[in-house]
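Novice: If you look up TrEMBL, you'll see 604, 605, 606, 607, 608, 609, 610, 611 marked as ATP binding site. Annotated domain 'DNA mismatch repair proteins mutS family' per TrEMBL: 678-694, in sequence order.
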């Protein structure tokens, strides 16, 4: 921001602050407003929809400015943070009335999208992560910190995987140790050594080495240090919890494509939670529970023991709905205790936060008793670990008013009866007139002067006025201050003491209440970890109750999760689709293993249910790995290490990638990273290119999966030729969607059975979609020629010759005649070729075919 040559001392102050916080909008406190100037004002006015004015209105090029009231700035701040901007708050550091010269100002806090802790600015049921990416010569080390809860997660990553991991955490802000191209919205952390990071992190946690934190890899100190330093930079005194290392060994790996395709927590239509797996399973009563449910869906378990623990607790609540209902009722009154505890520990809480905490923890003794009463050892373990926090509840209840103001500067925080001095000041403030009237009445009685009056003026303060006729009755204890025409004015020590209390009651009361409040806050902050531990148990309980509720409501069954490699689902249903169809859902079976049915090739027309069948398998498998019951009459699910999906078509125009290129990149990722324990969901591989290319690629990929990777795979395709793989390859079977033709009408049975589809029914589907009748008739005529192989010498269907010549090339249907390219295909050794080599060979073949 350019600085004018001549500026006022106050604007000099502004520019000094702005220079220190160039990456942030500066909220500059002036009286009752936070003002913004220059480019900050232009940016803020557009986002906030407020008037943009000029500081020098009489000048043609005056400095732009805008402002927001200081008492309601939070609402404006939220809008700026959600727009991805950083905001530095520059406050007045002294009372303007007491200032000598210009008021002292300083930045008291910096708020960024990833480090907000104020309730109004936080997403209700989502974490508010900021990510720290540390890149070394060999790999990446990632840290994800939520300043609103203190959580800190660590993940190892590579060049190929770190973007998928970022996508899963959806950070609001990212800090890197390497510079990025211009235009990317990342913060640069600067250079530092691993030794320095180790030293700082060890000091931060008070440990001798990272091994005390459960970390054998010292390089993780680097992203942790970046997170600590970022919090310091934004002046946020949040103590991060002990870091938790997340590895692929403990969870099912989901890349960003899989979580998006399966619509786990966001739908692909508008990005909302509607019609997602989360929306079906979410019967939680707390924001902590709903947030944890999302984490569980995005990070399914890979431990049979851990999965069965969740299942057994959910099963108890399914069988004891009376207990479950009682627990849910108690949880419904619990606020986001995790975030409240973090605000308390960071000295960012107000009195309302303490009241919300009290209102939440007052249910904890009941919750603990109910859990102890359950005839289930796993639930009893939860009860044993659950701290009811009765001492903290009692402290807040005795000290803090039930309806305190939102700010700490208004008074009215401390409950009457907690502190005698505060009670006296409150009484003086609220009843000063009555107190003065009592003194006046008492003095009238004791002196016998009926005309005595207690009055006030700015010169003498409170005084007693006696008329001339009664001066002989004035006691010696009165101190004369002034003679007036009609009498005398006096003061007494009691009145002067009361005057001091009355005139200073507000300031004394506010100061004393704040002092007592900070003391209470400190006591509670010292117990922040106890609060977090109980909050974590309450959140886990909430999700398990939600699983039980969903199972009862939707008629789910308990899956048998094992270490085997098979997946057997009986009468499976898509959990989201079944909630949204008007007709009865047609269930389907799935049986897969790595021996005789690892690859299922599924054929059938569009709209017959292939994609629903594929997603159903993935979702039921995923639900079983979270510990949830599943939509099936029975299910046996062997542990998988990863779930991959390649479903649907989309392009990446900004990245210069076509639909087909996106498809190939995603497929390449699957072929290079899938293992025998993975579940692969592939839909219409190769459809983004010509028929010859598409069927060749799809066939090659299917064979590679069946022979090399041997992963459990559902492979839906329109290329019926690929079903021949089942005749020649082991572990491959064909499935098809049932379709019934009746009097020229097409009826989709929605049932998947063994076999192959004899027709694609594409024209029938086009007719159902409402294409003009003339187009449908013409398509049927061309189809008959193609099916009879009635082609012209140029490869054009004879029926097409009667149509208008467009001058273009018509794609012929697949006809396998003798050709050099076919000979080359026969000679390929599929047991030794890699996916990348296959694509290179295919490109060479295509080039050769086009030349001939």
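Note: Cβ is positioned from N, Cα and C throughout, glycine not excepted.
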Novice: In the domain 'DNA mismatch repair proteins mutS family' (678-694), how many residues does DSSP put in helix, strand and coil?
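Specialist: Once the DSSP states are binned, the domain 'DNA mismatch repair proteins mutS family' (678-694) shows 4 helix, 5 strand, 8 coil.
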Novice: According to DSSP, which of helix, strand or coil covers residue 608 (ATP binding site)?
Specialist: coil
Novice: Average the pLDDT scores across the domain 'DNA mismatch repair proteins mutS family' (678-694) and report the rounded value.
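Specialist: Averaged over the domain 'DNA mismatch repair proteins mutS family' (678-694), per-residue pLDDT gives 83.
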Novice: Take the Cβ of residue 610 (ATP binding site) and count every other Cβ within 10 Å, whichever protein chain it belongs to.
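Specialist: Residue 610 (ATP binding site) is surrounded by 24 other Cβ atoms within 10 Å.
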Novice: Using a 10 angstroms cut-off on Cβ to Cβ distances, just flag whichever of 607, 608 is the loneliest among these binding-site residues.
Specialist: 607
Novice: Measure from the Cβ of residue 609 (ATP binding site) and count the other Cβ atoms within 10 Å, all protein chains considered.
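Specialist: Total other Cβ atoms inside 10 Å, all chains included: 24.
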Novice: Name the residues of the same chain, 6+ apart in sequence, whose Cβ is under 8 Å from the Cβ of residue 604 (ATP binding site)?
Specialist: 610, 736, 737, 738, 739, 752, 757
Novice: So which other residues, same chain and not among 604, 605, 606, 607, 608, 609, 610, 611, have a Cβ within 8 Å of the centroid of the Cβ atoms at the ATP site?
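Specialist: Filtered neighbour residues, in order: 737, 748.
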